[in-house]
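Contents: one structure, followed by commentary.
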Amino acid sequence: MQTYFLSQQFNSRYLAENSTACPANATICSGTSCVLPEDNFNETLSIVLSTVLTIMLALVMFSMGCNVEIKKFWGHIKRPWGIFVGFLCQFGIMPLTAFLLSLAFNVLPIQAVVVMIMGCCPGGTTSNVIAYWVDGDMDLSISMTTCSTLLAMGMMPLCLFVYTKMWTDSSAIVLPYNSIGISLVSLIIPVSFGIYVNHRWPSKAKIILKVGSIVGAVLVVLIAVVGGILYKGSWIISPKLWVIGTIFPAAGYSLGFLLARIAGLSWHRCRTVSLETGMQNSQLCSTIVQLSFTPEQLELMFTFPLIYSIFQLLFALLILGGYRVYRRHRVKTKTDVEKTEEKEDSKSMSSHAKINGGFVSNETK
């Protein structure tokens, strides 16, 4: 954490009128440049909100665990074809897409590095909530999130070493293994409790799941709002990063779904893999860039994780809306077809009854 962060320039007219132009709380004042102590408001707000979000996230993951069956979950572990497809998407498609986008838009080296870091991050826990809403495979979703977070400890350094050579020394990027470990623990423990509750008290698990889905919706909104509050002063960055932040998650969702379908996975698992691919752990990306780069470098790239998280959430909600419309239309169409078939069967049986003496079965009345 930097001790000082604000450098303010005062105009010459103000200096001429007031020889003590620097504020009284300035600790360093040289000419027209003053360095002020860091405002603790954002730091305090960040701590409070992080605590609240962590508790909410634990509750959400506990409720998601209440939708997981031990046999199915263990089946994915023993026959990890779906997990393997997700692994290829997470640490194959996403880093490669990040690399190609950075080359295509010819961004600054430091900006290319933050795009690569985002591409190498494991899946985020928000994907589990969205996967539940789109009737995805929750057993696969949670197992993919867990495995990608665990494998990130080895795959992130490898991917960054391979892809960032042309822009920077990969050893200069600090990977917060403690943060990855905390993410893993905060995922595994509440989900394990949820699985246990679902095994012992299935009826109570359904109630917890409904409450958790509502809390999950609130959590998704809070994450977006908190990002806007804490980083409101960091929105001025290159338009190229805005474009990449828009294209990248959309490409992740699309390519993840396509690869899953090519691999022969069912439709609901394709939706799950798609969400797990496009939704990255943007909080982890922000932590990495803060630990690895100077304040001057952060000005060029710090907001990219927030931009990515906004658009990954936006596209996820569009996917959710599209799926809900499709499901409603499909159910309506299916019901209409069944009614039409019943009427046709009824007519044919009635006509058959007239030919055979007028007897009509009670089933057709």
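Placed from the backbone N, Cα and C atoms, the Cβ positions cover glycine too.
Taken from TrEMBL, the feature transmembrane segment covers 45-68 (among others).
Per TrEMBL, transmembrane segment is recorded for 80-105 (among others).
The transmembrane segment annotation in TrEMBL covers 142-163 (among others).
Sequence annotations record features per position, and here TrEMBL assigns transmembrane segment to 175-195 (among others).
Under the heading transmembrane segment, TrEMBL lists 207-229 (among others).
Among the features that TrEMBL reports, transmembrane segment is placed at 241-263 (among others). Same-chain residues lying 6 or more positions outside the transmembrane segment (241-263) and placing a CB less than 8 Å from one of its CB atoms are 81-82, 85-86, 88-89, 93-94, 97-98, 101-102, 105, 107, 111, 115, 118-119, 269-280, 301, 303-304, 307-308, 310-312, 315-316, 319.
Sequence annotations record features per position, and here TrEMBL assigns transmembrane segment to 306-326 (among others).
What TrEMBL lists as region 'Disordered' is 334-365.
Per TrEMBL, compositional bias 'Basic and acidic residues' is recorded for 334-347.
Annotation comment: TrEMBL describes 349-365 as compositional bias 'Polar residues'.
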- Restricting to the same chain and to residues at least six past its boundaries, which positions have a Cβ under 8 Å from a Cβ of the transmembrane segment (80-105)? 111-112, 115-116, 118-120, 122-123, 137, 140, 143-144, 147-148, 151, 155, 159, 162-163, 240, 243-244, 247-248, 251-252, 255-256, 259-260, 263, 265, 269, 272-273, 276-277, 280
